[in-house]
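Here the structure is laid out as structure tokens; the discussion comes afterwards.
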Amino acid sequence: MESIIQQINQLRTSLRHHEYQYHVLDAPEVPDAEYDRLMGELRALESAHPELITADSPTQRVGAAPLAAFDQVRHEVPMLSLDNVFDEESFLAFYKRVQDRLKSSDPLTFCCELKLDGLAVSLLYEDGELVRAATRGDGTTGENITSNVRTIRAIPLRLTGDNIPRRLEVRGEVFMPQAGFEQMNEEARRKDGKIFANPRNAAAGSIRQLDPRITAKRPLTFFCYGVGLLEGGELPRSHWQRLMQFKDWGLPVSDRAKRCTGSDEVLAFYRQVEQDRTQLGFDIDGVVVKIDDIDLQETLGFVARAPRWATAFKFPAQEQITQVREVEFQVGRTGAITPVARLEPVLVAGVIVSNATLHNADEIERLGLRIGDTVIVRRAGDVIPQVVGVIAERRPADAREILFPQHCPVCGSDVERVEGEAVARCTGGLICAAQRKEALKHFVSRRALDVDGMGDKIIEQLVEKEYVKNPADLFRLSAGILTGLDRMGPKSAQNLVNALEKSKQTTFARFLYALGIREVGEATAANLAAHFGTLDKLLAADIEALKEVPEVGEIVAKHTRHFLDEELNQQVIQELVSDEIGINWPAPVVIVAEEIDSPFAGKTVVLTGSLSQLSRDEAKDRLTALGAKVSGSVSKKTDLVIAGEAAGSKLVKAQELGIEVIDEAEMIRLLGA
């Protein structure tokens, strides 16, 4: 028995430590899956030995102590957490338990919602006015974050509509959309500021700022999902209908919430959300399944720390612990040298991960990473796996320092790091085989010259056999040469020659994008093409002339001019448009915005968030056809922002600058006007 008591005490100590790191310091040391594993072990031991359960066990409470820096708030109705299930079998067991408690075999109706990965908050409205906001804290006592929450534009300061209760406590999640998170971290890197490991940490850190002016600059948003205190009014006796009522009063509710009857419908909802997860624009880690009927909720009641009528149906963990075996350095299209960690293979989010990006030397230093370290690796959707933390206490004695190369690992050229930039680059240009391969892959890609059938493996063979040294060489390939490549028969070779010939008919914007100029993406290439109209005018433009192009600042102008000034690049461009190769595009058609009868004519428009009725490309094309200039970033020159679902930092910046904002439905209406 002594060993069991010791094991239980060790688990409790470890869990309390991780709760403090997660909830109070916003600096978790282990992924959620590791915490869940420890909690599962403790629950199993306490279940087998109920006489050892104590009131202060982590299984008996919700979270960690509140920060002393904030005033404390006592929740009149405790903010409980949820029990978890991790697979379909466990969910079906939960479903059966609920049926058994209700003594009914009838299909159960649930309200199914997204399990947002943010920070749970309580919003208290009195006579429709927001008077207090608080964190969950330990479920009984939280932190008063009213000043910070008032800066979140998604949260109404006053409810609108009829029959608003005298006192209503709404509960929900403050979170940070992925686009806003990425932009915030990018800005922090440029200013040597704090880099957040993930959007959840960023949201928690932002909402707990002692200075609300800092919170106001963070791209936070909110969805509500429930109610706590209710006085002086009534709410529907259906959870789903309550969400709809909240929506009518002006509170944001996710449009992915759905009422499902029977276990099959719930499982179908779970699978669909898991499939759509990467398209949402914000992080979730599962779905929440709640009995819809409030009377049945009250019948089922609660256990010590969670309701019996709800569960969190979690997705496979997106973070896991593994070990760094080695670090290698890869060279990209623009010469950027990226360190890549070779890992002990580990299952993350349903995929075996053996490599993870380390970004740059600054990131290695920030992490304090060494070869041999035990690390937390994260994989979210289709995002490249990355190391987000080091578990320093597990560092072995023989851990090795990571030395960034002074010479390119591919061609041996000097490595250069420009002052103010985080990225180190190979100076070899197209003499570097790695840069050559990536530049050619970009040149033939779908959004560039769009050479059908010219895949990565073909490019790699062409470079390795030295058949191709620059983009112009692609158009000198014959079917005979191509037939000598692996898995390339005469018919496939001729098809590829035909595809190369077809790709010569392109647009000026695609041609510029295909060249691979640093910082010149599709939108910038389109702006350059529209502004200058011809290649000759662009080639003659100095930096000041380039800066006159919409969304082209000092940095992009310098990169563009530097690219065009390089002798090898000039030679390749002239070869590509020469009579020998003959890449060409239609003469520019000048669109006079004043002559177009459209509400978008002459306006600089920015799209942000996820669109449901049109793809991003379709929306851009239709807006451009109606005389708009579609930009990739918000500035004082922006006239209009179109905000889709989970719009992030661009929406926040537009609101700060007082720029007009419309939603997708209004855009669709105006497109048809």
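Just so you know, glycine gets a Cβ as well, placed from its N, Cα and C.
As recorded in Swiss-Prot:
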BINDING   D32, A33, E34, Y35, D36, S81, L82, E113, R136, E173, K290, K314  NAD(+) binding site
ACT_SITE  K115  active site, N6-AMP-lysine intermediate
BINDING   C408, C411, C426, C432  Zn(2+) binding site
DOMAIN    595-673  domain 'BRCT'
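Features per Swiss-Prot, on structure.
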| residue | record | DSSP (3 states) |
| --- | --- | --- |
| D32 | NAD(+) binding site | helix |
| L82 | NAD(+) binding site | coil |
| K115 | active site, N6-AMP-lysine intermediate | strand |
| R136 | NAD(+) binding site | coil |
| K290 | NAD(+) binding site | strand |
| C408 | Zn(2+) binding site | coil |
| C426 | Zn(2+) binding site | strand |
| C432 | Zn(2+) binding site | coil |
On a C-alpha basis, identify the one among K115, C408, C432 that is nearest to L82 (NAD(+) binding site); the candidates are the recorded positions.
K115
Of the residues in the domain 'BRCT' (595-673), how many are helix, strand and coil by DSSP?
28 helix, 18 strand, 33 coil
Out of the binding-site residues D32, D36, R136, K290, give me the one sitting nearest to C426 (Zn(2+) binding site) by CA distance.
D32
Greatest inter-residue Cα distance in Å for the NAD(+)-binding set D32, A33, E34, Y35, D36, S81, L82, E113, R136, E173, K290, K314:
25
I'm trying to understand the geometry here, so how far is the Cα atom of the residue listed as 'active site, N6-AMP-lysine intermediate' from the Cα atom of C411 (Zn(2+) binding site), in Å to the nearest whole number?
48
Would you pick out, from the binding-site residues C408, C411, C426, C432, the residue whose Cβ has the largest number of other Cβ atoms within 10 Å?
C426
List, in sequence order, the same-chain residues at least six positions removed whose CB sits under 8 Å from that of D32 (NAD(+) binding site)?
D285, A317, E319
Just to verify a number: CA distance, D36 (NAD(+) binding site) to C411 (Zn(2+) binding site), in angstrom, no decimals.
47
Would you count the other CB atoms within 10 A of the CB of K290 (NAD(+) binding site), including those on all shown protein chains?
21
Given E34 (NAD(+) binding site) and C408 (Zn(2+) binding site), what distance in Å do their CA atoms have, once rounded to a whole number?
38
Cβ within 8 Å of the Zn(2+) site's Cβ centroid: which residues qualify beyond C408, C411, C426, C432?
V331, G335, P409, V410, G412, S413, T427, G428, I431, A433, A434, Q435
Roughly how many angstrom lie between the C-alpha atoms of C408 (Zn(2+) binding site) and R136 (NAD(+) binding site)?
51
Counting only other Cβ atoms and using a 10 Å cut-off, which of the recorded positions K115, R136 scores lowest?
K115
